[in-house]
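Scroll down for the structure; my scribbles are underneath it.
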Amino acid sequence: MKVVEVKHPLVRHKIGLMREADISTKRFRELAAEVGSLLTYEATADLETETVTIEGWNGPVQVEQIKGKKVTVVPILRAGLGMMDGVLEHIPSARISVVGIYRDEETLEPVPYFEKLCSQVDERIALVVDPMLATGGSMISTIDLLKQRGCKQIKALVLVAAPEGLAALEKAHPDIELYTASIDRCLNENGYILPGLGDAGDKIFGTK
């Protein structure tokens, strides 16, 4: 599995701001989208382009445009919605596919409860977004579903990843790519990432 920890100064600065204990919902939400945007920039660097001729201001001109496969953004509910706008900033025509999964707080296992994938999802590059890769269960379950539906090119974008989650994801799906702003130290006994960001879903939506 290709793992890219994006170490751009802006990414490191913004993810550092997100770790503040008393950060406001508004600020956390803004930063989640901003870091999601920067991760998207890195994750799409290998998209193929083709030369096409368009009508410019002074006659025909050759330009490069994205060729071939289109993109679907796959936010894992609910926290993944906080990164979606950052992805769409760069790919506004992307289709949106939604997967609902929550983590059982006792077993730490993923529990699927909703899915709505876009048409022709099997012909698209899937960008799966979720702020936290802790145990990896939700991401693995989502990618399982996408592969069952025929997706062949899948990239995961997460704000923060734990080594345990990375190991589990690599074992389950060694053929995908993952982009993260930070690989953190470890999981605690409750399955939360240390130092982490806290509960990203609660911070994005202002709930507890």
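Along the chain as shown, residues are numbered 1 onward.
A Cβ is built for glycine as well, from the same backbone N, Cα and C atoms used for every other residue.
The structure displayed is predicted, hence computed values, not measured ones.
A simple way to gauge crowding: the CB of D199 (uracil binding site) has 15 other CB atoms within 10 angstroms, across all the protein chains here. The annotation 5-phospho-alpha-D-ribose 1-diphosphate binding site is assigned in Swiss-Prot to R78, R103, D130, P131, M132, L133, A134, T135, G136, G137, S138, D199.
Annotated uracil binding site per Swiss-Prot: I193, G198, D199, A200, in sequence order, evidence recorded as sequence analysis.
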Separation of alpha carbons, G198 (uracil binding site) and D130 (5-phospho-alpha-D-ribose 1-diphosphate binding site) (Å): 14
Cα-nearest neighbour of D199 (uracil binding site) within the listed binding-site residues, M132, G136, S138: M132
Length of the line joining the Cα atoms of M132 (5-phospho-alpha-D-ribose 1-diphosphate binding site) and A200 (uracil binding site), in Å: 7
Neighbours of I193, G198, D199, A200 excl. site residues, C-beta within 8 Å of centre, uracil: P131, M132, V160, Y192, G196, L197, G201, D202, K203
Intrachain C-beta neighbours of A134 (5-phospho-alpha-D-ribose 1-diphosphate binding site), sequence separation six or more, cut-off 8 angstroms: R103, A162, E164, G165, L187, G191, Y192, I193
G198 (uracil binding site) and S138 (5-phospho-alpha-D-ribose 1-diphosphate binding site), Cα-Cα, nearest whole angstrom: 17
